[in-house]
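K.L.:
What Swiss-Prot shows for this protein is this:
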- 8-10, 34-35, 56-58, 61-65, 100-106, 132-135, PHE139, ARG142: 4-CDP-2-C-methyl-D-erythritol 2-phosphate binding site (BINDING)
- ASP8, HIS10, HIS42: divalent metal cation binding site (BINDING)
- HIS34: site 'Transition state stabilizer' (SITE)
- THR133: site 'Transition state stabilizer' (SITE)
Amino acid sequence: MRIGHGFDVHKFGGEGPVIIGGVAIPYEQGLIAHSDGDVALHAVCDALLGAIGAGDIGRHFPDTDAEWKGADSRFLLRDVYSKVKDKGYRLGNLDVTIIAQAPKMAPYIDAMCQAIAEDLETDIGNVNVKATTSERLGFTGRKEGIACEAVVLINAQ
């Protein structure tokens, strides 16, 4: 049994939608990123990579590599999870916290859980996604960007 923690943040800019947890959320702006800017899936990738001692998402999908420009983060997550399985582990459970003043995440949480569960080949009951605000404090509170944290438990197969 191993645990991993991940964190990601992206700044608003350009046109929407915002992609979070593999789900497109209508919003007046998108997130500035080399890939699709999905902070939730990036945090999950980092948590999984951390759990197997394999560094971070930037090491595996560097933003200096044109191959990953505009990449679908669901593809990245599936690739990372294949590395987890190659090391002899499977997901136990996952807990994700999205920190954003806007857009509102609640209507999209179930779809996020479903998408993530599919990509991680697990029962939806093993995936929890929640959202909170920072009570209008800091960059997320000023609607300048979105942050996300993820914690995973993986077990030997």
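Cβ coordinates come from backbone N, Cα and C, glycine included.
Surface or core, plus neighbours and distances: that's what I need for these features.
P.N.:
PHE61 (4-CDP-2-C-methyl-D-erythritol 2-phosphate binding site) carries neither a helix nor a strand DSSP state and counts as coil. Within 10 Å of the C-beta of PHE61 (4-CDP-2-C-methyl-D-erythritol 2-phosphate binding site) we count 20 further C-beta atoms, all protein chains included.
Taking all protein chains in view, 23 other C-beta atoms sit within 10 angstroms of the C-beta of ASP8 (4-CDP-2-C-methyl-D-erythritol 2-phosphate binding site).
Within 10 Å of the C-beta atom of HIS34 (site 'Transition state stabilizer') sit 17 other C-beta atoms, taking all shown protein chains into account. A coil conformation is recorded for HIS34 (site 'Transition state stabilizer') in the three-state DSSP classification, outside any helix or strand.
Here the Cβ of THR133 (site 'Transition state stabilizer') has 15 other Cβ atoms within 10 Å, regardless of which shown protein chain they belong to.
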K.L.:
Using the CB centroid of ASP8, HIS10, HIS42 as the divalent metal cation site centre, which other residues of the same chain sit with their CB within 8 A?
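P.N.:
For the divalent metal cation site, the extra neighbours are VAL9, LEU31, ALA33, GLY37, ASP38, VAL39, ALA40, LEU41, ALA43, ILE146, CYS148.
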K.L.:
Can you name the residues of this chain that are 6 or more positions from SER35 (4-CDP-2-C-methyl-D-erythritol 2-phosphate binding site) yet have a C-beta less than 8 Å from its C-beta?
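P.N.:
Within the chain, SER35 (4-CDP-2-C-methyl-D-erythritol 2-phosphate binding site) has Cβ neighbours under 8 Å at HIS42, PHE61, ASP63, TRP68, LYS69, GLY70, ALA71, ASP72, SER73, LEU76.
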K.L.:
Tell me whether HIS10 (divalent metal cation binding site) sits in a helix, a strand or coil according to DSSP.
P.N.:
strand
K.L.:
Using all protein chains in view, find how many other C-beta atoms are within 10 Å of the C-beta of PHE139 (4-CDP-2-C-methyl-D-erythritol 2-phosphate binding site).
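P.N.:
Around the Cβ of PHE139 (4-CDP-2-C-methyl-D-erythritol 2-phosphate binding site), 16 other Cβ atoms lie within 10 Å.
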